[in-house]
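Q: Got a structure here, written out as structure tokens. Questions coming.
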Amino acid sequence: MPLPLGKPVKARAADEDDYEEYSGDDSSPSVIETGENEADEILSSSDEDQEEDVKDKLSNISFGTLSRAQESISKKRKRPAGGDDEKEDKLEALRARLRELREASGVESAPKKNKKDKKEDGKSTTKPAAKKSRTTKNDSDDDASDGSDSDSDEDGAPHARSSKHAPMSQVSNRQVTRKRQVIDVPKRQVRDPRFGPLGGPVDDTEISKKYSFINDYQDSEMAELKAAIKKSKSEDDKAVLKRKLLSMESKKKARENKEREQEVIREHRKKEKEAIAQGKNPFYLKKSEQKQQALVNKFDSMKSKDRERLIERRRKKVSQKEKKMMPAPRRIPLLLRLLGLLLAFLVVFLALFLLTVLGTFLGLFVVLLLVLLAVLLVALLLVVSLAIVLLLCSGLLRVLQDRLD
């Protein structure tokens, strides 16, 4: 039973704070709170869907568009802050184009080709058609998938470097040569162990003594060549055999000359050893002196006829050298020389005739002057004729000498 109150009581409205004090975690959620949670979930799910859509679009963007975007960004970084308005407009247009391509790449999907089909198509098309298709391929590959874009970018030219310190970019479809030298093998050098450093110092005299039988083989081969030249009937075979015989004879002569020089050196060394033993200073022969002494020994060992023949040949050789060094004389034909002499006699005869004719009409003094002039002319003509005769004689002598040589 309620207690009676002494004063009247009025009802008052409940405050919101009182409700908040009594509201706890165990209480059920209200309608407002549940509505807010649902809105947050819807917003988060829409953000996730947008991110997934962006990722899908980015995955479908071609490699060519990404590379162009990278180039434009690098150029923007290089460009100073105060750029022109035209460049900014161009960049804005490029960005808009990139956005359009990204949007189009998510919607459109180009069919992929197999590698075998590409190879067959490449073989069937000609070179000029391939060059024309390269320009169109770069535009069409921007809308295609990643695989087709990578192939098209490989076919194109290498991109420019982002900076001068960056490495040079190169296409990967360039064919590598099949023949590659992976390891450099040193060149094989053929050596004879008999004449190597392990065999000791090389002695030419000992080697020539040991291999003297080769000279006998060469002499027998030369005799066989001479017999074959006599027997052979064709001129071509004879020419080949003669050439071979001549080369062998020249080699033999060179070997004999070298042996003579070596003999001269050996004899000189013996004499110098004896002189050094007696306390004298050594004397070393020059190369020219060695050759001269070897030539003297050669002439001493030769017969008289062979010596004369060799001297004559050497004299002709020296004279031919001198003729080559001398200037070539003027070769005046013999008929022209004879005509010159006849003209000279005619001039003298006409001069005398004129003198006799003029002497009848003029005085004695004038005749004497004309006679003196005629004598001078005759003397000059005689000198010229003698010179011509001497030239003729010298020319004939030279012709005879050349024929005798």
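A Cβ is built for glycine as well, from the same backbone N, Cα and C atoms used for every other residue.
According to TrEMBL, the protein carries these features:
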- 1-206: region 'Disordered' (REGION)
- 15-24: compositional bias 'Acidic residues' (COMPBIAS)
- 35-53: compositional bias 'Acidic residues' (COMPBIAS)
- 59-72: compositional bias 'Polar residues' (COMPBIAS)
- 81-105: compositional bias 'Basic and acidic residues' (COMPBIAS)
- 140-155: compositional bias 'Acidic residues' (COMPBIAS)
- 181-194: compositional bias 'Basic and acidic residues' (COMPBIAS)
- 250-273: region 'Disordered' (REGION)
- 256-266: compositional bias 'Basic and acidic residues' (COMPBIAS)
- 334-358: transmembrane segment (TRANSMEM)
- 364-397: transmembrane segment (TRANSMEM)
Q: So, by DSSP, how many helix, strand and coil residues make up the compositional bias 'Basic and acidic residues' (81-105)?
A: 21 helix, 0 strand, 4 coil
Q: Based on DSSP, tally up the residues of the region 'Disordered' (250-273) by helix, strand and coil.
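A: Taking the region 'Disordered' (250-273) as a whole: 24 helix, 0 strand, 0 coil.
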Q: Please work out the helix, strand and coil residue numbers for the compositional bias 'Polar residues' (59-72) from the DSSP assignment.
A: 12 helix, 0 strand, 2 coil
Q: Where DSSP helix means H, G or I and strand means E or B, what are the helix, strand and coil counts for the compositional bias 'Basic and acidic residues' (181-194)?
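A: Secondary-structure breakdown of the compositional bias 'Basic and acidic residues' (181-194): 2 helix, 0 strand, 12 coil.
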